Amino acid sequence: MRPNIVSEAGLQTRAGQWWDSIPFLTSAVVIVCGVIYLICLLVGYDTFYEICFLPEAVVAHFQVYRIYTSIIFHGSLLHVLFNMLALVPLGSELERIMGSIRLLYTIILLATSNAIFHLFIALVVAYNPFHPYDHFMNECAIGFSGILFSMIVIETTLSGVQSRSVFGLFNVPAKWYAFILLVVFQLLMSNVSLLGHLCGILSGFAYTYGLFNFLIPGPSFYAAIESSSWLASCVRRPKFILCSGGNPSAYIPTYTVQNTPSSGLLSGNIWRNVSSWMPQRETSAQSAQEDPRFPGRGRTLGSVQSTAVNSDSNLQARLLDNSRPTTPDTAAVGAGERLSNERQLQVNDVVSAGAGGYPLPQMPQVASEEQIQKLVSMGFERTQVEVALAAADGDLNVAVEILMSQQG
């Protein structure tokens with residue numbers, strides 16, 4: 001009997017599949033940070049004094065460019081490697097939820113808010129009348145880790161989990177997860193910016209609690225950028241994700257292995273969560289009949305999920321809880337249709353009702369105010385959020401799908 005083709009895949013093939021699963025903006029950030037580090041290594045630039053975030057220079061000389069140059073430079077190979085490996089699962093998941101342009105705007109917003117928090121705290125500590133301490137004013141901070149801590153807070157809030165695993169060693173309450181990581185990194189690593197990471201956490205909570213809502217533009221803003229001619233070449237790329245949640249040319253394949261430990265660097269759930277937010281596209285009935293595991297025309301590979309569900313529930317398990325059970329031997333690499341027919345019909349019904357102009361039926365209020373605020377903080381209108389949550393029976397993840405479909 002011929003061996004399974006999946007087991008025959010070499011390291012190069014697996015690496016290619018892994019890279020192809022990373023969305024457009026996330027992969028672009030990885031490339032930019034990696035190339036900048038290599039250039040600095042080749043030319044021998046290792047002081048970073050001119051580009052790091054230095055509160056004293058920002059205040060005295062108004063060098064605001066440091067807010068953005070500091071996040072793309074890294075001080076060592078381990079620094080850039082660790083940050084980029086952490087960015088891949090976090091950025092991929094958030095990009096599939098938000099879209100490429102919306103995530104870019106969010107990164108810029110978080111970088112700006114991180115710098116403002118950093119500057120404010122440094123000034124308060126340095127010029128307080130009780131015990132002035134100017135160390136933070138003269139601290140030179142570089143790296144993408146401040147943004148990563150903001151992403152950790154946002155992703156943890158959106159996932160709805162009650163606990164998180166710290167490097168697979170022990171579980172902590174989800175609301176304290178980012179703070180535990182902050183303490184762990186501070187204890188295990190030297191030359192780590194405590195204030196930079198702390199400000200990232202503060203920005204993440206400010207975003208999730210809706211404090212930045214007045215700074216977040218509506219869907220028309222992102223649609224106008226995506227439709228612009230100067231961005232057309234990027235939009236046409238298969239890995240680019242529109243803010244409406246769909247891709248006009250293709251969808252992103254992903255590589256998953258059934259019943260294996262998570263490869264997420266910061267959380268045991270991240271990689272398993274990523275595939276549940278894949279953009280969806282319809283497949284022909286003929287392709288589905290040929291082999292339901294591999295929809296399409298040989299361009300991408302599909303997969304279905306095993307009935308074994310880990311006790312630590314995650315986004316994918318919650319999205320697939322109503323789908324048909326399958327057997328473990330049907331698992332394969334790739335990403336196909338993730339939703340069952342019932343769930344897809346539920347989303348389509350709500351979208352067609354909103355677009356067709358006829359009133360939606362009255363549904364019981366099953367969503368809490370906290371759930372509504374989480375979705376409102378992502379930039380959706382409150383009325384649409386309430387309708388989507390009611391249609392989704394209070395399931396945040398299904399409500400996000402409905403809202404994204406309405407925008408499309």
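Glycine too: its Cβ is placed from the backbone N, Cα and C atoms.
All annotation found in TrEMBL is predicted automatically rather than curated by experts.
Pulled from TrEMBL, these are the features on record:
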type	residues	note
TRANSMEM	21-45	transmembrane segment
TRANSMEM	65-91	transmembrane segment
TRANSMEM	103-130	transmembrane segment
TRANSMEM	136-154	transmembrane segment
TRANSMEM	166-188	transmembrane segment
TRANSMEM	194-216	transmembrane segment
REGION	281-307	region 'Disordered'
DOMAIN	366-406	domain 'UBA'
Which of 65-91, 103-130, 194-216 contacts the transmembrane segment (136-154) most, counting Cβ pairs under 8 Å: 194-216
DSSP-derived helix, strand and coil totals, residue by residue, for the domain 'UBA' (366-406): 29 helix, 0 strand, 12 coil
Integer average pLDDT (0 to 100) for the domain 'UBA' (366-406): 81
